[in-house]
Amino acid sequence: MVDKPHLDEEALAELRDVMEDEFDVLIETYLSDSADRINTLHRALVAEDNEMFTKSIHSFKGSSINIGAPLLGELCLRAECAGRNGHLDEAGQVLDRIESEFRTVSDLFQRLLNA
Amino acid sequence: MDEPLTEQAPLTILIADDSDTDRLILGKLISRQGHQVVGAVDGQDAIEKFEQHQPHMVLLDVMMPRLDGMAAAREIKRLAGERLVPIIFLTSISDAKTLASCLESGGDDFMSKPYNRVILEAKVKAFNRMRLMHRTLSEQRDLISERNRQLLSEQQVAKRVFDNVAHSGCLDSPNLRYHASPLSLFNGDVLFACPRPAGGMHILIGDFTGHGLPAAIGAMPVAEIFYGMTSKGFGCGDVLREINQKLKRILPTGMFCCAVFIQADFHLNQLRVWNGGLPDAYLQRHSGERLVLPSSHLPLGVLSTERFAADVDVIRTEPGDALFVATDGLIEAEAPNGQMFGEERLVTALDDHRGSEAIFQSVLNAARVFAGDRELQDDFTVFCLEMVDEEALDQLPDRLLPSALTGPSDWQCDYELNDTTLGKFNPLPLLLHICMEVPGLRRRAGEVYTLLSELYTNGLEHGILKLPSAWKNSPEGFGQYYAERERRMAAIEGHHLRFSLSHRPSADGGCLTIRCRDSGEGFDYQHLMAKRPDDHQYAGRGIMLLRQLSTSLRFLGKGNEVEVVYDWQYG
Amino acid sequence: MPIQTRRSDDGRTLTIKIEGRFDFSTHQSFRDAYEHSDQGVVNYVVDMSDTTYLDSSALGMLLLLRDFAGGDSAQICIENCNGDVRRILSISNFEQLFAIR
């Protein structure tokens, strides 16, 4: 798991190719979307709403994989599994790591956008 | 919704995903392939957008707020009805159970994240091909079912037209039993029965080669000839020859009609049976004896008129004897195991049964039992005739009357043959034909023919050709007489022969008056009237026959004109 | 063919069958039918099942056959006559000369 990179350079290159001039919009959409999701995940933990947590983390996982952030996707998968099994405390611990990984990915994306 | 007809035409594709990021990527991938994208943010939105835009294909995320992908898929499939709208689930799920329930809800395939644009493009193309194929099949299926509906309704109409021509005749006579499917006409089977004016009936069981319209088309002229000629009094040989000639002319080579023709005479207790190409017919006698009547002729419509043979088996019968005929569909009826009913089972079913009802039921039961659970294939005709006392069928001729009574009964005509035509043309068939149009007179055809023939012979041979009857007193003279007749006929000049015919109806028949006047010198008829031929004289019977057959006979003028009056009654 | 002939297996019976009209036009072929048959024919059958009409010249021809077959000792049977044909035969008293069945 740890060997997964923050960003998948190859996937990103392809995305850039596909999205053309909308690549920047895509990254920005992902970043604001994900920030919203992290807020939702926190609310779900506080409310101990297992279903809301699982659904949100599932979507977060999907878009992270699609955008080319495999490590973040992997962490989301672990949190989703914990959530599905009802281990919300474990899910909470993983969420902390997700937040930190998201910050790293955000920095990397910002750099990419500014480049 | 406008339907793209080719694989290359752009499609409208609905993408439902609650993740803006994923929707953006997928939308871009799809629009780069040249298709139009409609986006939806959850399952409920997807259903609304589906109704609004009628997309050709739907890409659905599995987990979505408000309504998940599976519920949306079910609703979309329901809305699409018969149309194939492929649904591809977008998922990062990999457990088999969830994937299976995606397919159960109506999904056609999966696409996992991250999206691979090559695979996505291939899937969209593959599903579009499937969609187009499905649409083509649906259209063809609809077309076929519409055509089939049309065909069936056309067959119903054709059947009604046919029924008007081939009315049931006397198939409902108490001594006839038959089984035929309602649309057996389109299996090529025909079954006709018609009372003969002089009593008895004609029956034709036929099986045309082929199925459907081609098999049915020959039935119409056969019915017309059969009913037309039978009710005019023609015998089975004439009717068979005429049908054969007609079918030979109109049917393409390789198409023909296997048939059994029956002439039943209840007065003489006699059957005439002609079998051309149908399976063996059986006469199951009241005594238990069985007579097999195999096909001994080629089917109708095969041979030219010259080679066609209408000779029949003449069978003496007794009341209670039953004649059984079936088309080959009975023998070829299949059991569930593919085995055929066969002749042996048929003969077994006939065994130990007396009377047409018992025989008929026994055979049909055997066929049904043999076919087992399987619906009995209804493409055969089974017929059974029972010989009965003539009195038992008293009602038959009455039913013929309405149609038989339409025709000229009050008329007169003159017909004169002049000069060389006299030597070349025999007017008897024409004159007989005119007389036979009188309703009911057909059954006296033989007598009317003899009257006409004797008058004609007398006027021509004695009045005009001056051939002496006395020549015919020796066998050699007989030949000489006809040789001389031929010679003198060829040299006829300046003569004429005039027939004046008239007919008046009476309460129970009619009165036919025939006058024949020739341009000859006449003769001393007083002398002739007094004379009777002795039994061994070869000639001189003409006048005697005329006198015996007619109500009155008179010579007019100088003996060159003869008049006979013929009173006749229905009977 | 309006006239057909058939010999029985033992050669003793000749069946002459007349189709359609039996009148003067058939006289030659009718004569040929019995005159050209081989020796040994004892019985003659005239099959009228397909004979529609008959006139007085046909009666003459039947008498010719009778004389050919031995006159009063001739064994000739006329079969399967329709009603009209039978009536004309009977008007002419032919039952006395032929076996009519």
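Yeah, the Cβs are placed from backbone N, Cα and C, and that goes for glycine too.
The structure displayed is predicted, hence computed values, not measured ones.
The domain 'HPt' annotation in TrEMBL covers A:19-115. Residues or ranges marked as phosphohistidine in TrEMBL: A:His58.
DSSP labels the residues of the domain 'HPt' (A:19-115) in these numbers: 88 helix, 0 strand, 9 coil. Confidence annotation: the domain 'HPt' (A:19-115) carries a mean pLDDT of 90 in the model.
Residues within less than 8 Å, Cβ to Cβ, of the residue listed as 'phosphohistidine' and separated from it by at least 6 positions along the same chain comprise A:Cys76, A:Glu80.
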